[in-house]
Amino acid sequence: MTDVIDGNAVAASIRDDLTDSVATLKDAGVTPKLATVLMNDKQASETYISMKQRDCEELGIGAEDVRIDPDAPAEELFDTVADLNAREDVHGILVQDPTPDHVSDERVLSAVDPAKDVDGFHPENVGKLVGGNARFKPCTPHGVQKLLEHEGVDPEGKDVVVVGRSNIVGKPLANLLMQKADGGNATVTLCHSRTDDLAAHTRRADIVISAVGVVDLVDGSMLSEDTVVIDVGINRVDADNDKGYRLTGDVDFESAKEKASAITPVPGGVGPMTRAMLLYNTVKAAGEQAGVDVDLP
Ligand code: NAD
């Protein structure tokens, strides 16, 4: 019997635990606060920002929604980030991707104070993660690690295939899973667009994690019996509903479910975990900056 992993339920339990962590901070006179900075007018980014703001409010975390005109000079963004870096009441800063072409992505990543970099993308934080001493684990990879933990799947000694080598998901996830640490110790293979014969890799894996953005990239014929399948992909496909589309992952759910011992759905798998781990990093940042010991789930 295949277990369909309920990401909403796991995320809810993490949010519940974080409520206690927020209470500890408030008892010490600290209200954790996240500032989101949006410098584009894309509907998808707008939606992500409003979800992040709402998630914070639900937990009693302060949320500041900073908007910058996409046509404004790049310096306006960097000045804003510098101001947020300097503010004691702001513990986490997230610059929503993408920023306009005239703003250097690399400079954005380095602009946020590493102590407030709740995305975990600052080069200093990337280095700490690779070195096995992560300050902030990036939210999606961390969410995948937590899902495996809650599912009782220990990656130690397992063959894990991660498909996708982006800086925000594939690379940090592969790194986390190979670390000599709890939730790590896996033998990790990182596959990508230039991989010859993806199926040869996925077929010998105990755990397959796809983070690509291609519908039906992985199907049941590419899996062995009892594989754990984590689908990070979020793809829009046309649908006959009000929105005109529905969301689907990288994995052909029905055929993969025939082979998998456990599998995440899309939506309702990794997505809610990403959101929960942003709250986790914001609470962690607040505790560290205020010098308050907080238990984290
Ligand atoms: P990206 O476009 O930056 O990277 C995609 C990666 O897939 C690249 O490394 C590329 O080498 C690889 N790739 C492309 N085609 C391939 C193929 N045919 N075979 C094997 N590998 C291939 O994407 P990203 O930002 O890492 O996001 C990946 C997917 O995950 C997207 O669908 C995105 O929407 C989704 N995503 C979901 C969450 C979540 O919370 N669930 C968070 C972030 C991203």
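Going from the start of the chain as shown, residues are counted 1 onward.
Cβ atoms are placed via backbone N, Cα and C, with glycine included.
Taken verbatim from TrEMBL:
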{"type": "DOMAIN", "residues": "5-119", "note": "domain 'Tetrahydrofolate dehydrogenase/cyclohydrolase catalytic'"}
{"type": "DOMAIN", "residues": "138-288", "note": "domain 'Tetrahydrofolate dehydrogenase/cyclohydrolase NAD(P)-binding'"}
{"type": "BINDING", "residues": "GLY164, ARG165, SER166, ILE234", "note": "NADP(+) binding site"}
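Of the listed binding-site residues, namely GLY164, ILE234, the sparsest Cβ surroundings within 10 Å are found at ILE234. In the three-state DSSP scheme, ILE234 (NADP(+) binding site) falls into the coil class. Sorting the domain 'Tetrahydrofolate dehydrogenase/cyclohydrolase catalytic' (5-119) by DSSP state (H, G, I as helix; E, B as strand; all else coil) yields 61 helix, 17 strand, 37 coil. All protein chains considered, the CB of SER166 (NADP(+) binding site) has 15 other CB atoms within 10 Å. Around ARG165 (NADP(+) binding site), the C-beta neighbours below 8 angstroms that are at least 6 residues distant in the chain are LYS171, ALA174, LEU190, HIS192.
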